[in-house]
Structure formats: C-alpha cells, structure tokens
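Participant: I am attaching a structure below and will ask some questions about it afterwards.
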Amino acid sequence: MDAIDYKKIFSEIVNELSSEDEKGSVATYIPELANVDPNKLGMHLTTVTNQHFAYGDAEEAFSIQSIAKVWSLTLALKHLGADTWQRVGVEPSGTAFNSLVQLEYEMGIPRNPFINAGAIVVCDILVSCLKNPKEDLLDFIRTSSGIPSIEYCPVIAESEVKTGHRNYALAHMMKGFGNIHNDVDCVLDLYFSLCSIKLTCKQLAQAFLFLAAGGVNPATQQQVITPKRTKRINSIMQMCGFYDEAGEFAFKVGLPGKSGVGGGIVAVHPGKYCIAVFSPRLNASGNSVKAMKVLEALTTKTELSIF
C-alpha cells in the first residue's frame, strides 16, 4: 500500500470532479457554518506507517460537527462498556439525523449513537461517568489524538445553542422516557461543545488513525481503546456514519466513516490508513457532495476498500 502515490491520485480525482464544483450548498441553520467559503477543498491521508499525503486546503481548520461523536462514543465505551447498548442501539436510522418521529415510536431509545438523539444519550452517559465532563472529554480527545491544542469553539457552540430547538426537543422527549438521567441543559452543553470542535484535515486524519490500527494511535503509541471495541466503532461508522445515506456511502466507497455538516468526512481503512476530506457544499442528507465523490474515486482507483 505504501508504494501508492496518493498525492498524484488526489490531483487526478480533483481534475475529474471539476464538474461537481457548484453542486450542493453550505449548512445555513447554524449561523457560523453559513459563513464558510463553499469552494474550499482539502484532503489528507495518513497511513499507519506514518506516511502523509495532502491536497489543497488540508491545513484549513473547519467545524467537524458530528464527526466528534466518534470520540464521545469511544469514551463512553471505555467507561460503560457493553452496557452502553442498553441506552442506544446499533442500527441505521433510515430517517433524518434529528428526527423526533422515530424516537417517540421507539420509546426514547435512539437507533444509533451518531444521530443527534443517540449522541445526546452518549453525552448523558459521560455526564454521569465523568467528574468534570467538558474538561475530561476534552482531555481524552487531546491525549487520544496526540493533538494537545484541540479546543472547543465557544462561538460555534453558542451558535448551536441558539438554533438547537430540535435537539432540546429530542433531549426532553428522551428525558420523558427515562433515557436521559441528568439535567437536560447540562447534557446539551456538553453535546454542543463537542460538536463545536474545529480541526484541519491533517489533524483529523491523525486523530482517528487509532481506528485503523487496532485501537492504538501510531503517533503516540497510546492504546486508545481495545481492538474489540475498535471493531465495534468501525462497524457502527460503516452502518450509521452518514445519517440516512450510510448505505450509499458503504455501496460507493466501502470504508467505515463519519461525516459532519461542516463539510468534513473522515474514513478509515483498517490496517492501512485514515483519510479526512473537507468540502463545505452539502447534499440534502447533510453530507459533503464532493468529499463523498473524492472517497468513491479513491477506493475505485486504488482498488482498496474493506470489501
């Protein structure tokens, strides 16, 4: 794998996808995301042998949004283990990421930890398990990624608080069903802070490289999580990482991954690499149009996927 010239492949892909440049639009329901240049494009691939391949705006920081939910799930599994799955499921949702209808029908148990309701439950677990939830989660993110400079972005977090009515509704509904154990405002403060983190593609590829290396971050040699739980997280990313478009991503790309409405996608090839792509224009499902196309072309050209 290390003999592949990914940088050359990136250039080929960008040239081939020039017709996709104007497709999609940036997220506008979170004011801070609406101000992003829609034409940015960055990508960074880091191999488990510490090779780096970058293209374009790979060192442009952007709001990773729902991608950060991978960290909260990882930390919840470290604390609660398999009991986590009594509070949240492992099935694709098939509905919008902030749907109330499915949640009510299923008695307040979210389908998976990556839709909003599921991530809110995971944050509730962390509020119960951690002495100082916001500080302890941030410390875990910094140490597991090997990037001590990671911070919450208070401007983005406040922007989400002001527009997060649906998330408050989800949390209160689950509270009514007994699946939120702590104060709703406290839980959502952690949730909004988590989703406010900004990283570059280069940082993001490093941060999630542990999922390509059996739970060990090659940059720090830290065992972030066990190989067994690494497998579980990758499986959920494969099935549930792209809102109601997870099947499409699995079909066309063939890698576990997670998207965010900030325009980022991180994808993992276990045993080989982690790649992050950033392009802010989104499709109707909230996934980056161009980032999905880039990753589809990458696995097609390299003939490397998990299938």
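Even glycines carry a Cβ here, placed using N, Cα and C.
Below, the features straight out of Swiss-Prot:
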BINDING   Ser66, Asn116, Glu160, Asn167, Tyr191, Tyr243, Val261  substrate binding site
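What does the local environment look like for each feature on the list?
Facilitator: Counting every protein chain shown, the Cβ of Ser66 (substrate binding site) has 23 other Cβ atoms within 10 Å. DSSP gives Ser66 (substrate binding site) a helix state.
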Participant: For Val261 (substrate binding site), just give me the three-state DSSP call.
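Facilitator: Val261 (substrate binding site) sits in coil per DSSP, no helix or strand.
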Participant: Return the single residue from the binding-site residues list (Tyr191, Tyr243) that has the minimum number of other CB atoms within 10 Å.
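Facilitator: Result for the binding-site residues Tyr191, Tyr243: minimum number of other Cβ atoms within 10 Å at Tyr243.
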Participant: Suppose we draw a 10 Å sphere around the Cβ of Asn116 (substrate binding site). How many other Cβ atoms does it contain, all chains included?
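Facilitator: The answer is 24 other Cβ atoms.
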